[in-house]
Each structure stands twice: as structure tokens, then as C-alpha cells.
Amino acid sequence: MTILVEQPDFAVEVEEKKVSDQTGEENELVLDGGFVVPPTNAFGHTFRDYDVNSDRRDGVEEFYRINHINQSVDFVKRMREEYGKLDKVEMSIWECCELLNEVVDESDPDLDEPQIEHLLQTAEAIRKDYPDEGWLHLTALIHDLGKVLHLPAFGELPQWAVVGDTCPVGCAFDESIVHHKHFKENPDYNNPAYNTKYGIYSEGCGLDNVLMSWGHDDYMYLVAKENKSTLPSAGLFIIRYHSFYALHRAGAYKHLMNEEDTENLKWLKIFNKYDLYSKSKVRIDVEKVKPYYLSLIGKYFPAKLRW
């Protein structure tokens with residue numbers, strides 16, 4: 001099987017910086033290992049621009065309105081209890097990758113292609129620049145597998161409970177969160193137990209002790225953890241917090257982090273650049289790269305997992 005996607009260029013620079021053309025105008029962003037960021041997303045707009053006048057803008061905002069209203073402490077606890085049972089399906093990681101091909105993320109202003117294309121774009125871009133970090137390549141491949149929550153076998157959860165940016169619940173919603181205004185209708189917004197800086201948490205308590213809004217991130221984290229994955233803690237951190245843009249883009253909620261979180265955040269920031277900017281139209285031969293990823297899956301996961 002061959003997937004058609006727009007080939008990104010790879011350069012030799014090792015620092016993140018702007019690259020100028022002959023006119024002196026900045027037109028590309030080069031990531032740590034040399035991956036050149038395309039100037040626009042698949043729709044011709046800048047990445048993660050939630051205000052641009054595009055066909056998807058109104059739909060994306062409506063998605064976040066519903067998401068922000070419903071992602072409460074009570075809701076998250078119910079979802080974690082239900083899906084923490086891991087009694088929906090038994091299948092391998094690769095089978096889940098293929099299953100994810102049926103999902104399109106309505107919250108993403110940059111992408112409207114099947115998810116397996118994005119998984120391989122991200123993983124292969126990281127593999128090019130960080131060839132010795134096999135765990136990171138695998139983390140990139142599986143980071144979005146939790147989006148199967150939207151499929152019938154997993155309860156067919158609505159997209160607002162599966163995708164989109166994530167944030168802590170049980171404390172104040174930071175204003176850096178996209179479409180923050182819609183939190184005003186959330187039942188936790190005016191609850192004095194939940195609407196302060198720390199809420200139910202304490203300084204340096206560690207993000208592992210923080211309830212995150214429910215979605216594919218937290219679900220895949222539970223799947224990996226409960227199936228005894230041997231991924232390093234940085235890999236599990238990336239899986240659970242890769243949609244936590246308020247933290248890794250805006251620097252919010254750092255008061256809840258411990259020392260291990262601080263170290264793992266460095267890897268998340270590296271990963272996030274590829275997760276966000278590799279959404280382009282690259283040609284990837286799935287059958288060619290499949291043996292490599294199957295070897296990584298066998299190293300870090302059992303043959304079959306409970307989902």
C-alpha cells in the first residue's frame with residue numbers, strides 16, 4: 001500500500017531557525033534535526049490558526065464550544081473508570097494503526113486526511129532526524145491510536161470526547177487554552193473547589209497525579225501503561241500530553257510539574273514540532289517501513305493488547 005502525501009524537504013541545519021530566500025524574506029522553519037517546516041498547512045493557512053477565515057473555522061469552534069462545556073471532573077472520572085477496564089477489543093498495535101484509517105479529526109484545522117497518514121508522516125520525519133531513538137519513532141507512530149474511541153467498537157464517543165487540545169480539570173482553566181470563553185458554561189467553572197490556580201492539586205504534585213480532559217491521549221496512555229509497555233517514561237509522557245498545548249506552547253500549569261515532568265517536557269517539545277508541522281502531502285510506502293515498526297512494536301509491547 002502506498003500513501004500519497006506532499007514531500008517535505010530535509011535540510012542539514014541542526015537548530016530551529018527561519019530560512020530566508022534570495023529576496024531576504026523568511027519562508028521556512030527548520031527544526032532541530034533538519035526537518036524543514038512547510039510555510040502553510042494543507043489548506044494554505046498558517047498552522048493552528050483558529051481565527052483564519054476558512055471553511056473549517058466555524059466547525060472547529062463549535063467543536064471546542066461543546067468540548068469545553070462538557071469536560072468536567074465528573075465526566076473525566078466516569079470516562080477513566082469505564083475505559084480503564086480495557087474490555088472493548090483485543091488487537092495488536094499494528095492492527096490498531098490500520099483501524100485508525102477510518103478516523104478524520106474534526107478538531108484539527110490543519111489536516112483532513114485519514115489518521116494513519118499523519119502517524120507515518122510524524123514517525124518518519126523524526127526517524128530521519130533522530131535515527132537512534134527507536135522509542136521515539138514508535139511513540140510517534142502510536143501517539144494518536146486512542147482516536148479509535150470514535151469508532152463503534154469502542155462506544156463511538158463523540159469527537160469532542162476524543163480529539164482536540166487537552167487541559168487539566170479540577171483547577172482553573174488557563175486563558176491560553178483555545179476558545180477559552182466557552183469554559184464559562186462548564187459546571188466546574190464557578191465551583192470554588194475547582195476554579196482556583198491549584199484547585200484539587202498542590203505545588204509540584206506531578207502531572208501523573210493530575211486529571212486531564214478526556215480523549216485519545218489519556219486513553220492511549222492507559223492502554224500502554226496497563227498493557228505493561230516498556231516505553232521509557234518520556235514516551236508515555238508524550239502520549240498523554242501531546243495535545244496539552246497550554247503547557248508545551250504557552251507554558252501554563254508548570255506549577256503542577258515535578259522534576260521528572262520537567263525532563264520529559266524537553267522530549268515532548270521535540271516531538272510536538274514534528275507532530276504539528278509534518279502534516280503535509282508526503283509519499284510513504286507503508287509496506288516498506290512496516291517491518292521496521294513491527295520490530296519496534298515487538299520490543300516495547302506484547303503481541304496483543306487489551307483496549
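Including glycine, each Cβ sits where the backbone N, Cα and C put it.
Note that this is a predicted model, so its numbers are computed, not measured.
Per TrEMBL, the features are as follows:
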BINDING   Arg48, Asp105, Glu106, Ser107, Lys147, Gly164, Asp165, His242, Ser243  substrate binding site
BINDING   His118, His143, Asp144, His216, His242, Asp275  Fe cation binding site
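Excluding His118, His143, Asp144, His216, His242, Asp275, which define the Fe cation site, the same chain contributes Leu119, Thr122, Ala140, Lys147, Asp217, Ser243 within 8 Å (Cβ to the Cβ centroid), listed in sequence order.
Across the fold, the C-alpha of Ser243 (substrate binding site) and the C-alpha of His143 (Fe cation binding site) stand 10 Å from each other. When Cβ neighbours within 10 Å are tallied across all protein chains shown, the highest count among the binding-site residues His118, His143, His216 belongs to His216. Taking CA atoms as the reference points, Asp165 (substrate binding site) and His118 (Fe cation binding site) are 17 Å apart. Cβ neighbour count within 10 Å across all protein chains ranks Asp144 highest among the binding-site residues Asp144, Asp165, Asp275. Between the binding-site residues Lys147, His242, Lys147 has the most other Cβ atoms inside 10 Å of its own Cβ, all protein chains included.
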